[in-house]
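Peer 1: Look at TrEMBL and you will find B:19-439 tagged as domain 'DUF112'. The annotation transmembrane segment is assigned in TrEMBL to B:6-23, B:30-54, B:60-81, B:108-131, B:137-158, B:165-183, B:203-223, B:260-281, B:331-350, B:357-378, B:390-408, B:415-444 (among others).
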Amino acid sequence: MTALLKAGLIALATTAPGAALAEWPVDKPITFVIPYGPGGGFDTIVRVLAPELEARLGTTVTPENIPGASGTRGGQAVARAEPDGYTIGIYNIPGLTVSQATETDIGFELGDVTWIANIASDRYALAVAKDSPITTVAELCALDRPIRLSDTGVDSTSSITAVISFSIIGCEIQNITGYSGSNETMIAVMRGEVDATLKPLNSMQGYLESGDLRLLATLSEEPLVEGIPTTTELGYPEISSFGLNRVVGGPPGMPEDLVKKLSDTFMEITASPKFVEWAASTDTGLLPLDAPATEALMLELAKFYEKYAPLLLQTKG
Amino acid sequence: MGLDALFGAFAMIFAGGSLLYLLSGMMVGLLFGIIPGLGGTTALALLIPVTYALDPLDAMYLAGGVMGAVSFGGSVTAILLNTPGTAPSAATVFDGYPMALQGRAGQAIGAAASSSALGGIIGIFTLLLFMPFARQVVLSFGPSEFFLLAVLGLSAIAISVRGKLLRGLIAGLLGLLLAFVGADAITGDLRYTGGFDYLWDGIPLVPTLTGLFAISQMIELALKGGTVAEKSSANMKITGVWEGIWSSFKHWDALLRGSLIGTLIGAVPGLGGTVAAFLSYSSTAQSDKDPDSFGKGNIRGVIAPEAANNAKDGGSLIPTVAFGIPGSAEMAIFLAILVLHGISPGPAILIENEREIYGLIVALTLSTVFASVIGLMFTRWMVKITHVNVSIIVPLVIAISLTGVYVLEGRMADVVLTMVMGLVGYIMIRFDYPRLTLIIALVLGETAERSFHMVNLISDGNPVGFMVARPISVILILCTIGTFLLPLLRRKMAKRRVARSLVAKP
């Protein structure tokens with residue numbers, strides 16, 4: 001009797017994934033976890049993706065903000081959920097990659113997350129105030145004191161990017177952290193408290209258009225803004241690959257067919273004219289990668305930051 | 001910029017069904033304001049999905065309705081039950097509740113209504129006046145000014161606790177200790193989290209406030225039994241509402257002071273309405289001819305904080321709209337609504353989204369006025385709460401406020417914290433320690449610590465030299481010194497007067 005039950009359960013378990021896809025998604029809402037509060041970049045992109053997912057999957061997609069603990073609470077919530085495709089989340093990469101490389105407890109294993117798709121990769125840029133006497137990166141480095149930069153927290157992605165980038169360029173920085181949002185870090189530049197700030201290009205767009213900020217360089221291989229040099233042109237190709245990635249993932253152990261269906265759907269969305277147009281209007285750098293490519297990217301990033309872990313641990317004190 | 005847009009917005013709101021959104025927002029705001037544990041932040045957060053389907057302008061009316069009405073709702077509970085319905089109403093309990101105990105609840109609510117409405121209007125006009133200078137205002141407040149404002153706020157604690165200075169300082173220091181819990185804002189190191197990741201972001205304000213004020217007060221009431229109002233049926237008639245309304249005009253100086261402090265503190269991100277109301281209360285009490293009458297039912301102690309907590313909405317719109325930096329917790333949610341509707345806050349917003357922004361301003365103005373009027377219409381019934389047996393009030397308030405705390409973030413740990421803080425608050429009531437002092441220190445401690453670290457880094461370890469070179473910082477330093485010196489000076493003058501009158505007598 002028990003053996004029969006066991007056999008039945010095994011049979012059920014083995015057929016489950018196929019059955020899951022056949023039924024998935026039934027009329028049950030999919031929760032899309034955002035590990036930050038409403039209004040930020042991660043929130044916005046999920047809220048743009050959600051209705052597109054709804055239209056293609058035929059079920060409700062509910063964005064849910066689970067902010068807190070530097071964006072790890074949301075990741076933990078996804079990690080705890082059933083791998084049934086009804087809970088997915090968006091991840092801040094390389095923010096979490098760095099946390100894991102520097103052995104900060106994030107409450108879940110990044111390596112266990114089922115990676116579904118990479119959506120965007122925002123390029124970083126370095127900017128100064130419009131009336132700053134500094135016009136090039138070389139001039140910035142030639143100040144006879146450490147360069148003052150503004151950031152939200154030492155473990156924020158842009159702060160880490162700044163630390164690694166300027167160590168490669170070879171000039172000393174003093175990162176002033178504690179600003180409560182990326183807008184405030186830019187205003188700090190305008191107030192003149194700091195010399196420059198390194199931030200995703202799209203988040204600076206408003207102040208670049210109003211003329212309050214002026215770009216010195218973009219961290220990219222290809223020119224992104226006319227007349228502004230790239231780091232590759234300046235001779236630092238290693239730092240051109242930095243970006244802020246917005247990656248979609250799910251709980252550990254999601255069935256492959258489910259992942260493929262979700263991944264394909266995301267690829268379809270990111271290729272749609274509507275989404276491309278939105279990305280262009282908000283200066284979001286699209287980098288659509290399907291599940292296997294995303295997985296590979298994550299491994300590559302983990303290796304890269306592993307290398308810089310000692311440097312990062314040192315700046316953390 | 002200007003009046004055309006404003007008049008246009010006024011005309012628009014009276015057209016079509018727009019008024020309906022404003023009124024619904026207002027009713028939600030009043031209700032969420034009255035109930036402890038629920039506040040403007042929760043109301044707006046719950047309304048986000050509703051606004052998704054609305055036209056951006058209607059979404060503004062809804063949000064403006066909530067924001068304008070919520071603080072008056074909170075004051076009603078503060079006056080009647082000694083339990084602020086929302087955080088910014090916490091300072092209203094100082095004199096509002098003693099008034100209710102004396103059977104002057106109608107007068108206190110009348111004063112709260114008129115000063116809320118007038119404070120809101122003054123705040124919005126200050127906003128319109130300063131809109132062209134929004135840039136300069138925001139750019140002249142850096143870490144140095146944030147730090148000094150926080151210090152000024154902390155020093156005001158000493159004034160607000162007249163007569164029990166030591167207890168006030170102990171409660172304040174306890175608040176500062178609690179402010180250190182969580183990740184260090186500069187280094188990201190975790191401190192005093194005891195292995196709970198719940199504490200990574202520090203001790204959250206809403207559960208702490210709800211526990212310290214609502215739960216503890218309910219424990220107190222339950223143990224005391226009977227009804228809130230000490231005098232019985234003889235006082236069932238509500239008198240003095242008109243007198244209360246009129247008192248805001250009579251004490252126009254307290255009203256103006258409260259409104260201006262409210263607008264200023266509102267414009268500084270991270271401080272918010274609780275600090276605004278508290279500072280305007282302590283500043284009014286301190287500069288009064290008879291400071292000892294505060295805390296015993298002085299109507300000026302209701303007018304000043306009430307004016308401030310409505311005026312702060314106008315002020316906090318300055319950084320929110322012009323720079324996308326939320327001036328308060330409510331504004332952070334409001335920002336999300338803006339973004340949802342494709343409006344990106346920033347330097348260009350006043351040009352690109354003039355219609356929505358002026359719509360919001362008009363909604364806020366009308367809401368503060370209407371909420372007061374509607375509130376007054378119900379005063380007669382609301383005051384009866386103080387005559388209802390507490391065995392009915394206590395379980396209701398506890399159940400609803402705990403639900404409210406849970407709804408905000410959906411964390412059970414918040415509910416547990418609320419209960420713990422409720423016990424702490426009850427102990428503080430029993431041993432006569434001021435609870436608001438703890439809250440103010442908890443709010444300001446974080447700002448003070450973080451901005452001091454930043455000033456230290458920016459100035460290469462010479463923070464004093466950096467601060468005295470900035471004009472606004474110098475003004476704030478002088479204000480802080482004045483806060484300590486004024487009581488001493490006054491005592492000296494009083495002594496001299498006594499001496500002179502003694503000499504005059506033969």
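One is the number of the first residue shown, and numbering goes on along the chain from there.
Every residue, even glycine, has its Cβ placed from backbone N, Cα and C.
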Peer 1: Please check if the transmembrane segment (B:6-23) comes into contact with the transmembrane segment (B:331-350), where contact means 3 or more CB pairs closer than 8 Å and the residues in each pair are separated by 6 or more positions.
Peer 2: no
Peer 1: Report, as numbers and ranges, every residue of the chain located at least six residues beyond the transmembrane segment (B:30-54) whose Cβ falls under 8 Å of a Cβ in that stretch; write 'none' if there are none.
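Peer 2: Same-chain contacts beyond the ends: 21, 62-63, 66-67, 69-77, 83-87, 89, 206, 210, 213-214, 329-330, 332-334, 336-337, 340-341, 371, 374-375, 397, 400-405, 407-408, 418.
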Peer 1: With a Cβ cut-off under 8 Å, give me the same-chain residues at least six positions beyond the ends of the transmembrane segment (B:60-81) that come close to it.
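Peer 2: Same-chain residues near the transmembrane segment (B:60-81) but 6 or more away: 13, 18-19, 21-36, 39-40, 43-44, 47, 50-51, 54, 87-90, 92-93, 96-97, 99-100, 105, 108-109, 112-113, 116, 120, 217, 221, 228, 273, 302, 306, 309-310, 313, 330, 334, 337, 356-357, 359-368, 370-372, 375, 382-383, 385-386, 393, 397.
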Peer 1: Give residue numbers and ranges for long-range contacts of the transmembrane segment (B:203-223): same chain, 6 or more residues beyond its ends, CB-CB under 8 A.
Peer 2: 36-37, 39, 41, 81-84, 87, 90, 93, 178-179, 181-182, 274, 329, 390-391, 393-394, 397-398, 401, 404-405, 408-409, 414-415, 417-426, 428-429, 435, 438-439, 442-443
Peer 1: Mind checking which residues reach the transmembrane segment (B:390-408)? Cβ under 8 Å, same chain, six or more beyond either end.
Peer 2: 35-39, 41-42, 45-46, 81, 83, 206-207, 210, 214-215, 218, 221-222, 224-228, 414-415, 418-419
Peer 1: Sort out for me which stretch, of B:137-158, B:165-183, B:357-378, has the most Cβ pairs below 8 angstroms to the transmembrane segment (B:260-281).
Peer 2: B:137-158
Peer 1: Restricting to the same chain and to residues at least six past its boundaries, which positions have a Cβ under 8 Å from a Cβ of the transmembrane segment (B:331-350)?
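Peer 2: The answer is 1, 41, 44-45, 47-48, 51-52, 56, 59, 63, 67, 131, 135, 316-317, 320-324, 356-357.
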Peer 1: I'd like to know the mean pLDDT over the domain 'DUF112' (B:19-439).
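Peer 2: Computed over the domain 'DUF112' (B:19-439), the mean pLDDT is 85 on the 0 to 100 scale.
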